[in-house]
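Pulled from TrEMBL, these are the features on record:
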DOMAIN    97-538  domain 'Amine oxidase'
BINDING   Thr98, Glu117, Ala118, Gly141, Pro142, Met143, Arg144, Val318  FAD binding site
BINDING   Arg144  substrate binding site
DOMAIN    624-718  domain 'Amine oxidase'
DOMAIN    798-993  domain 'Amine oxidase'
Amino acid sequence: MKNKHCYLVLHLLYYFVIFSNAQVEDSEPFVRSNFGSNKVAPSKELTEEEILQNGGDLVCHDRNRHDELFSLFVRGLTQKQTKPTKVLNITIVGAGITGLTAGILLKNAGHNVQILEASHTLGGRIQTFRNIEEEWHVEWGPMRFARNQFFIQYLLHKFQLRLTDFKLSNNKTFYFIGGKTFSKSDYSNVYELPFVKSLYNLTSVEMNLKIKDLYEGPMRAPLRDLENLPWKEFVKKYDKYSFRGYLREKHGYSPGLVHLIGTMVELDGIMEMSMIEVIHDECIFGQGKLDTIVEGSDTLIQNLAKDVKSQVSTNTIVNEIHHSKDATIVKFNCIGIECQNKHSSIQSDFVILTPLPTVVSKISFYPLLSTSKRYTLRAARISPSVKVVLTFNTPFWEKLGIKGGKSVTDLPSKSIVYPSFSFKGGLGVLLVSYTWGHDAFRQEGMTDEDIITECLYTLSKVHNLSEAEVRIQFRKGYVKKWGKDPFTIGAFGAFTPHFFNDWFDEFQKPEGRIIFAGDTYENLHGWVDSSLKSATRAFKYIQDFFSRGQIEDSEPFVRSNFGLHKIAPSIELEEEEILQNGGDLVCHDRNGHDELFSLFVIGLTKRHPIPTKVLNITIVGAGITGLTAGILLKNAGHNVQILEASHTLGGRIQTFRNVEEEWHVEWGPMRFPRNQFFTQYLLHKFQLRLTEFKLSSNKTFYFIGGQTFSKSHYSNVSYLREKQGYSPGLVHLIGTMAELEGLMDMSMVEVTHDECIFGQSILDTIVDGTDTLIQKLSKGNYKSIKFNCIGFDCQSKHSSIKSDFVILTPLPTVVSRISFSPLLTTSKRYTLRTARISSAVKVVLTFNTPFWEKLGIKGGKSVTDLPSKSIVYPSFSFKGGLGVLLVSYTWGTDASRQEGMTDDDIITECLYTLSKVHNLSEKEVRIRFRKGYVKKWGKDPFTVGAFGAFAPHFFNDWFDEFQKPEDRVVFAGDTYENLHGWIDSSLKSATRAFKYIHDVSQGKDLILPADSPFYDTEKKNKIA
């Protein structure tokens, strides 16, 4: 690779260096007439054998147009294939660009093709949203095409589509960082920006780095290795790092510098993805210019679909695939007036599955796919993405010379992408937010209206306008949430460390007569070029079938000698050691007399001394943290007002009750360790009825590799402590058995904490429901609580409260929706955005009788390697005699997948799992089934997630900053303690917040960060 400086065109170099252009010129549309003329030559001569290895991807894309797959692609589209030895019947699932291309190649080769599309339109993730009346369009999906990607460039040339430059940069655009707006043309070096040092706590050495070395420096060696090393060696060297891990561990960058780079290159939301992903994207963006299709990306689909339109059936949802060594049968539901019957099937020689793995894993396979294939389909991380488009009366940004490029912010809505060309109607159409990863996950839990409001705020800040000025221009907003689209359940692959090295070969390869295709199954994700290449690879596999002579078949396997047990601490702890860190020397409070616990107990019994000054406290959120903090402060003599956004108390403590049938289930916390003293004190104080929550039962089952077996047969297996030398298969097995597959990429601190809790103590559950804890806690304090002012009780929709302190108790995903004036510090806003919050989904099914009790099952759980994961059996029966079963409890990536599904699809999947585990037919289970209920925490607008599941480096780099108060704003909740998802941590955090405020009332200083607008360098922590 030559001209390494070009890699910063996308990133920091382009963001700070002064451009020579006085203004951005508008590019005239053009048609690609000289295909291949701008090809980037490799820096060394490659042999044909080298080029053909890995499909020609020796670097990041096809450097040579004559490699095997590209030649097949071109010939296949021009109907020059030789006649097949045998005409095959092929069923393709999905009419996106992969499915359509594979269909054309196979049809032109003489095979019979049927394409089944679940939605009512063609194109898959290539979606162009059009407003015909106002004469404009935007791309919900792909919007840019690299000139050095030859598969897509060939199609653009073939169809003579009008193109124009997609301008990534513009020196007239802005940064909005740390509450300041500045033009990208104002500065040429980072060290010329003195405020950056304090905002990001950069070291003196880091401040003296050249701009190009901030990002280009760490990327230089990986890009060189991408060019020169064999693919396997390259993957082995870099796949062990996340982007954050590589910068921190390999280059020694400080947390602040990593934060700065993440903000500037817009990777905050996916800093934990594999370095392979980052290197690939940098290779693409740095190697060539990008184009966009003037008339819309869907014109590519319209041209492509002409040859196979008669082979496509829309509104056709595939739900089962039966396969053998001889044939496949695809069963599907047809929805709509064109269906002759709602259920049908097709027998074929091969099936090509083109949807994202999140969708493929909804299909039932008979027999099951191999264990490793099912694991890779679940474990392949698929990133959500959200695009927000706002329309305005005029493109007011063009008055500043902005046409194309983007403004970058450190606000939650991230970057603003300006259009590279104007529309006939003269309206302003702006992609005002484009997020992915954790940033998108947060937005997917918000209402469209809230997202649009947030984006208008961002736009006003970036362009230094009042919100009123922006609102006057504003017409309408549109939001696309890819993770909530039931036909995609995500946007693109963003694999985490170790997946490429350990599992990608298994993930990509066909399984018998079932072939997996799409950009996710290539090593370069999110690009149309990869979709086309994958379609060609699938075509080649089928064409080679007869020359190969047989199908490559993977046999399922079961590892039967695995188990876990808890290892007790190996040392006795002294009192002094226990009290350090609030008693949390291990994983919970070993001693009930540490400072916070004493404050907690005294605070609940009204024995606090009268404060030196009575304070007015506003608490946001009436969950258990907010209620507890309110009681402690009220009992200490302060004035308290609690504001709750929803119509109920309890926050994530939610007990769903069916009063008529006399049963209840816990959507939130359902178990309480006996060694957590804050919680145990409350349970004792309120005299709540408890029963043991049974974690295990030797009557329950494992369902792994298509086989059911009792846990009692496999109980004597040693605990695996040493991490060195674990094979990918063993890691997979551990993830399955310990139910951590969905969170295999979270910090080891999280895993250690949970294992410490579960291994150290017996658990209890509240017989009458966990919400009785909230009822008892809020008794006598209900008058202090105000609910969201929406409805007939409101005198006005907008109001305010002035107070001395604010305690924010919602999850960070909700807190980051609040507008702060002045802004919180840069580091605080960063930690609120990057603290990883896991989703969770619970599915409860009711049955005529608790049929599992006939097997002696009361409590415990069955564990499966199916997508719905574990079945948790109730530890006690309900009066009504019905069977009430928590048939699925997922988190992390497993939950994100379910949140993109309909409740009906989830329930159907769970019934299938239950039938397999209990060795019953689906019909037998359906006869007993009454009704299903689903709780999706990531879709709850008042939580936007379930619990903290921090990624590596966060505890070490950012937790202190994340936890501490900021001036008069205090952050509280279980997420702000080091043990997440437990009520005990919520109570402890509430006590910590109370202590901070009460100490200030007694004369102690506020905690003021150095970049706080109220910080006085002379008085330090005194209010300026």
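Keep in mind that glycine also has a Cβ here, set from the backbone N, Cα and C atoms.
Positions of TrEMBL features highlighted on the structure.
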residue	record	DSSP class
Thr98	FAD binding site	helix
Glu117	FAD binding site	coil
Gly141	FAD binding site	coil
Val318	FAD binding site	strand
Cβ neighbour count within 10 Å of Ala118 (FAD binding site) = 21
Who sits close to Met143 (FAD binding site): which same-chain residues at least 6 apart have their Cβ under 8 Å from its Cβ?
-> Phe166, Thr292, Ser297
When neighbour density is defined as the number of other C-beta atoms within 10 angstroms of a residue's C-beta, which of the binding-site residues Glu117, Gly141, Pro142, Arg144 has the lowest density?
-> Arg144
Cβ distance under 8 Å to Val318 (FAD binding site), same chain, sequence separation 6 or more: which residues?
-> Val93, Leu116, Ala118, Val330, Lys331, Phe332, Ile363
Just how many other Cβ atoms lie inside 10 Å of the Cβ on Thr98 (FAD binding site)?
-> 30
If you average pLDDT over the domain 'Amine oxidase' (624-718), what do you get?
-> 84
Residues in the domain 'Amine oxidase' (624-718) grouped by DSSP into helix, strand and remaining coil = 24 helix, 28 strand, 43 coil
